Amino acid sequence: MNCQKCQVRPATLHFKQVVNGKQTDLHVCEVCAKENGYMTYPEEGFSLHDLLTGLFNLDSSKIDNIHESPFQQVKELKCPTCKMTFSQFKHTGKFGCAQCYHTFSDHLDPIFSRVHSGNTRHLGKIPKRKGGKLHLKKQIADYRKRLNTLIENEAFEEAAVVRDEIKELESKVKEKKDGDEA
Amino acid sequence: MTYEQFMDKATSPWMLKNGPDHDIVLSSRIRLARNLADKRFPTVAPSEELEEIMEFFQREYEHTPYHDNETFHFVPMSQLSSIEKRVLIEKHLISPLLTKNKETAASLISTNEQVSIMINEEDHLRIQLYDPGFQLEKSLKKTFEIDDWIEEKVNYAFDESRGYLTSCPTNVGTGMRASVMMHLPALVLTKQINRMIPAINHLGLVVRGIYGEGSEALGNLFQISNQITLGKSEENIIRDLEGVAQQLIEHERLQRGRLLENLGTRLEDRIFRSLGLLTYSRIMNTKEVAGRLSNVRLGVDLGLIKNVPRNVLTELTVLTQPGFLQYHAQKTLTPTERDILRASIIREKLHEVE
Ligand SMILES: [Zn+2]
Ligand SMILES: [Zn+2]
């Protein structure tokens, strides 16, 4: 498809404009996009169409980004650790690293839901090491609740004891972050 | 000891024991996909990073005693010839994908060949465990123990809401694929399997033929496994799989009984004709062997054939695969040469038990 503005260069970018709730598609080349000020992310332009017709056939409503400009271009997500972009992921169907799951987090539910019969959350085994940390976090939350009750009841001496216990648990959580289980 | 011990015998030591419902379920398998928290997945990681991971696992786990004095042997893909790789694939000790990453992949295989920990396949780790017969719950328990044992020295990629993080979205969550290998000759003969497969697929389970191309099941062997890994606990996934397998077992037994009743001598003829062909033929291709072995196995299960142990049939299933034949011959063989060698090995084995 050629650019809808200059009709000469191939349209490499796809924008959509929402007016009174109605969506208009606009296919333009990079030059025209810059000239007309559509580009909010000039170096990371890519086609929304590509994204939608990809491996997982995502529903477009799930990936709308809202910007101040009336022209919305979907921002390309990129994993800071392995540098994989969301379009690369959608093309290969494989994540690059654990961090990818966090980077693409907002867009994964529809994919997981399709692959796993509507499920998006893990139910099952928890690693021993991480399990310990989860366990500690839960314990801290419980202590905090108790601390609040004690303060409300003006039982300050007891509250001080609980506060110290929380501090100790928190330092344990920090230790675990380094991967050591002492 | 070197990796050659894993090539010498077609039957893995764990196969020699009879498991529950072994007349129909040949084996149970659990496979867990695991990744290291701070490393890129093998699909994108540079080779140096993958080599470091390989070295770490060799250093920490090779020859380290595990349960019952089982130890693990480190088998790097780079050291295997293409025929040797094929042999290990035919024994299900490694996957075809593992052999593709040959410079950066390896497997830790236990002495009794029950456990194989594949390193740098699609995920950093693929822990697989086989048990004879139908005993998924026990297999799961043992696999979890190995998982915990490995975890003592590594930090797994895990997310509170997504579970174990894997390279492919189809494995995320439990990272578990559980499966049973079933011999279903009566359901195939009565064509009942054709209407059962779609129903099983509908329940979120996958049925596929083993050793066959595409959907064809050579030797009436089927693998049934879970599709979903997210949103269900490992125990529940296995319970659902067991429920379906149990129904298949019952239907298969029922149909075997009916076949014996309705076909009588015709069924016996079919079974003994197969035994005769296996015992005396001079040329046999893989497909024919698979079909004949299935008939003979049915004959053994029905008590019609008494002198052939099931183990020999299991052994022949693996021994007559192309990789094994060529390993045996110590050279590459043409398809015709393979068919001749295959027939001769079968004759030899069956004459031994007569
Ligand atoms: Zn233009
Ligand atoms: Zn990443």
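If you go along the chain as it appears here, the first residue is 1 and each next one adds 1.
Glycine is treated like the rest: Cβ placed from N, Cα and C.
In TrEMBL, annotation is done automatically, which means it is predicted and not curated.
Noted in TrEMBL for the protein shown:
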- B:27-31, B:H92, B:R126, B:177-181, B:208-213: ATP binding site (BINDING)
- B:24-255: domain 'Phosphagen kinase C-terminal' (DOMAIN)
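Within the same chain, residues at least 6 positions away in sequence whose Cβ sits under 8 Å from that of B:I30 (ATP binding site) are B:Q128, B:L129, B:L136, B:S139, B:L140, B:K142, B:T143, B:M176, B:R177, B:A178. Across all of the domain 'Phosphagen kinase C-terminal' (B:24-255), the predicted model scores a mean pLDDT of 92.
Summarising the environment of B:S179 (ATP binding site), the number of other Cβ atoms within 10 Å of its Cβ, over all protein chains shown, is 25. Mapped onto three states, the DSSP output places B:S179 (ATP binding site) in strand. Annotation: B:R126 carries the greatest number of neighbouring Cβ atoms among the binding-site residues B:R126, B:R208 [cut-off 10 Å, Cβ to Cβ].
In sequence order, B:M15, B:G19, B:Y130, B:D131, B:P132, B:G133, B:V180, B:M181 are the residues near B:S27 (ATP binding site), counting only same-chain partners six or more apart with C-beta under 8 A.
In the three-state DSSP scheme, B:S27 (ATP binding site) is classed as strand.
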